[in-house]
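**Q** The structure that follows is given in the form of structure tokens.
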Ligand code: NAD
């Protein structure tokens, strides 16, 4: 048997906790990659995995991504992630969420959770009945930071796309720039609305085509079927659905100058960053461009810990720093000839004491 720590996605994670609660049906994995900069922060995913190995892979890769994301966003947090393994078609019960809250609580604050795919704000409220190590809770005042991270993530990606367009195409605005958006959910839909206001030309796609078409009608955009979006001839391809879409085949199909979107773990393998680089496609490392949500929920969490209200302007200020970070990575990549994802990984590793 291969030792667990010899598997490719294990990266000296500080802790990998398997959680079972037969009474509620909870099966979960909590992975803490690094707490060098602070408690491991990262959302909880509720997903049906065909194989448990895929759930472990997600927990390991996503928690490492959170270490990098928090470090590069300048947050005093480490990286963690939880996945709850759902049975096919099964729903979340109050008992299951309570048992998950107990498991988070048992870690005594080393892990701070929030929403991710399949987990809503209401679910986080249920988890918060059992543990205080929760962020992404509903905000009481309209001017407060926190709550659903999706709109903040979308805002950060919007800033990042504009930076990429300026860097690669030399344009100060996205007016008339053609952007193909994969996924029109919380993040992709938000990005599309912000870009449409600036006059970008949009092509939208989703496996839920009704959702894509409804948004396209609202924004006067085009749509293509889900399997066609990678090959759309455009300036920017913006992946905002699930990860690992940039593999050898996917990258060969791209017909764009820039890849910049919010999906986590867009590169299927480490070598795929080099593939993009070799094709001359400017890549915005996913965990840098999509940090808006974690910036908001972390500031909310830290303010709550100190019993203070959290000013949304502080979140906006930090979101506006995303373009500068991306431009720094691209310049270093151009100077060294290394792919942008490698440059970014190394910068993040240095920040978490693993340089
Ligand atoms: P969401 O569930 O609101 O939306 C995802 C959308 O993608 C859905 O409309 C879904 O139908 C669609 N989709 C799924 N598979 C697809 C495919 N193969 N082709 C086209 N569309 C597909 O989720 P979200 O919150 O918008 O998150 C989207 C991505 O962004 C995820 O990878 C998530 O991990 C990442 N992300 C989200 C946040 C956040 O704040 N919500 C923060 C950082 C990263």
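Note: Cβ is positioned from N, Cα and C throughout, glycine not excepted.
So TrEMBL lists the following for this protein:
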{"type": "ACT_SITE", "residues": "81", "note": "active site, proton donor/acceptor"}
{"type": "BINDING", "residues": "183, 184, 185, 186, 187, 188", "note": "NAD(+) binding site"}
**Q** Report the residues of the chain - excluding 183, 184, 185, 186, 187, 188 - with C-beta within 8 Å of the mean position of the site's C-beta atoms, for the recorded NAD(+) site, in sequence order.
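**A** So the additional residues around the site are 150, 181, 189, 190, 191, 206, 240, 241, 262.
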**Q** Give me the long-range Cβ neighbours of residue 188 (NAD(+) binding site): same chain, 6+ apart, Cβ under 8 Å, in sequence order.
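**A** Listed in sequence order: 154, 181, 182, 204, 206, 238, 240, 241, 261, 262.
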**Q** Provide the three-state secondary structure of residue 186 (NAD(+) binding site) computed with DSSP.
**A** helix
**Q** About how far apart, in whole Å, are the alpha carbons (Cα) of residue 184 (NAD(+) binding site) and residue 81 (active site, proton donor/acceptor)?
**A** 24
**Q** When you measure from the Cβ of residue 186 (NAD(+) binding site), how many other Cβ atoms are you left with inside 10 Å?
**A** 19
**Q** Within 10 Å of the Cβ of residue 184 (NAD(+) binding site), how many other Cβ atoms are there?
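**A** A count of 30.
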**Q** If you count Cβ atoms within 10 Å of each one, which of the binding-site residues 183, 185 comes out on top?
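**A** Result of the Cβ crowding comparison: 183.
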